[in-house]
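Annotated features in TrEMBL:
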- His239: active site, proton acceptor (ACT_SITE)
- Tyr27, Arg168, His239, Arg242: glyoxylate binding site (BINDING)
- Pro80, Met81, Ala82, Ser109, Thr159, Lys215, Ser237, Asp270, Gly271, Gly272, Ile273, Arg274, Gly293, Arg294: FMN binding site (BINDING)
- 1-344: domain 'FMN hydroxy acid dehydrogenase' (DOMAIN)
Amino acid sequence: MTSTLPLTLPEFAERAAEVLPDGVLRYFAGAAGDEITLADNVVAWQRLALRQRVLVDVSKRDLSVEILGVRRPHPVIMAPMAWQTLANPGGEIAAAQGIGAAGGIYTMSCWASQHADDVAAQAADTTRWMHIHIFPDRDITQRLVDRAVRGGFEALVLTADQPVAGRRDRSMRAQFARPGSPNLADLAPGSLEPAQTWEDVAELVTSSPLPVIVKGLLEPGDAELAIQAGAAGIVVSNHGARQLDTVLSTASALPAVVEQVAGRVDVLVDGGIRRGSDIVKALALGADAVLIGRPLLWGLAVGGADGVRHSVELYLKELDIALAVLGVTSAAELEPSIVLPAPWSA
Ligand SMILES: Cc1cc2nc3c(=O)[nH]c(=O)nc-3n(C[C@H](O)[C@H](O)[C@H](O)COP(=O)(O)O)c2cc1C
Ligand SMILES: CC(C)CC(=O)C(=O)O
């Protein structure tokens, strides 16, 4: 892809809407029900205003943060998203290469349209996490864990908010051929497990050589249970508003979860993060890092690996400028006092 890549993040979304078939776009962009939470995931970050301090020496700025005890160049992680060959023939491999080139972590959905072994081989230089479910057949889960270990994936991201599939009105009639999940095809057909509980999480933590991050929590009480089960981290997430409409947006849910966790494990957040300034707000509210979903699919759709890399770089550029203008030199040291309820949201 040699055409000029977009200059802004919204332009990526517009270009993706032009290049993606209608059915695929509806599946990617859509969410549950009336999409109230989908909209509020974005707006909840916009409802926060930033306090800027001036005439601080910001000539040296540091975007690095610690994630699972490892210093990373910046806080951007690609969220697990199914079937990435629908966005671009390069699929998961291109996405992983792209985010790796930008210094970010790639989370591979277990519903991937390419096999984890191939992603591991062809994006060997990218720090990769493997997304998994507790499947009705626990042996499938175990085999995915083995595969993650074999492929050098460094953590497991366990989806907790999908006992059943959400009902997504926008994509219900979407016509597109599902690429299947070659990553699961050589295992028994994966299906969701409505009977999963925290006991399963504790068992997974005990048996897994990799740290387990529990994704899809909104309540402080669940964060506590995740810690009791031995999770190394949690993701405050509503699955991109795809599971149930009118659950809390993630910016609204984050502060109480951070308070409950009190630094005991890593707290990550995703949902509606569309600007570098949203990352500032997430970190200020106590997140250690952020996962970004749809915008990186738009990058993949528009420009393959290069598009993903460029999209991440746009976030980082915005993050860096935001820090400088706010008078802050370190992303890791952002304080809650830098955000306040915006007067325009009253
Ligand atoms: C097309 C698509 C597929 C997704 N597939 C998965 C998945 O397989 N597992 C999962 O835990 N979350 C999945 N998600 C949710 C994302 O991991 C993430 O929580 C969400 O997209 C973040 O919100 P954002 O898109 O507003 O950034 C998917 C999201 C999208 C848009
Ligand atoms: C294959 C699906 C279960 C992937 C998913 O979680 C989603 O589309 O939100």
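From the backbone N, Cα and C atoms, a Cβ is placed for every residue, glycine too.
Automatic prediction, not curation, is the source of TrEMBL annotations.
Structure with TrEMBL features highlighted.
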residue : record                  : DSSP (3 states)
Tyr27   : glyoxylate binding site : helix
Pro80   : FMN binding site        : coil
Thr159  : FMN binding site        : strand
Arg168  : glyoxylate binding site : coil
Ser237  : FMN binding site        : coil
Arg242  : glyoxylate binding site : coil
Gly271  : FMN binding site        : coil
Gly293  : FMN binding site        : coil
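Cα spacing between Pro80 (FMN binding site) and Arg168 (glyoxylate binding site): 18 Å, rounded to the nearest whole number. Around Ser237 (FMN binding site), a 10 Å sphere centred on its CB holds 26 further CB atoms from the protein chains shown. Among the binding-site residues Tyr27, Pro80, Thr159, Arg168, Ser237, no residue is identified whose Cβ is positioned under 6 Å from ligand 2. Restricting the average to the domain 'FMN hydroxy acid dehydrogenase' (1-344) gives a pLDDT of 95. Between the alpha carbons (Cα) of Ala82 (FMN binding site) and Tyr27 (glyoxylate binding site) lies a span of roughly 10 Å.
Sitting within 8 Å of the Cβ centre of Tyr27, Arg168, His239, Arg242, and not among those site residues for glyoxylate, are the Cβ atoms of Gly30, Ala31, Ala32, Gly166, Ser171, Gly240, Ala241, Gln243. When the C-alpha distances from Ile273 (FMN binding site) to the recorded positions Tyr27, Arg168, His239, Arg242 are tabulated, the minimum falls on His239.
Binding-site extent for FMN: residues Pro80, Met81, Ala82, Ser109, Thr159, Lys215, Ser237, Asp270, Gly271, Gly272, Ile273, Arg274, Gly293, Arg294, maximum pairwise Cα distance 22 Å (rounded to the nearest whole number).
The two recorded residues Thr159 (FMN binding site) and the residue listed as 'active site, proton acceptor' have their Cα atoms spaced 9 Å from each other.
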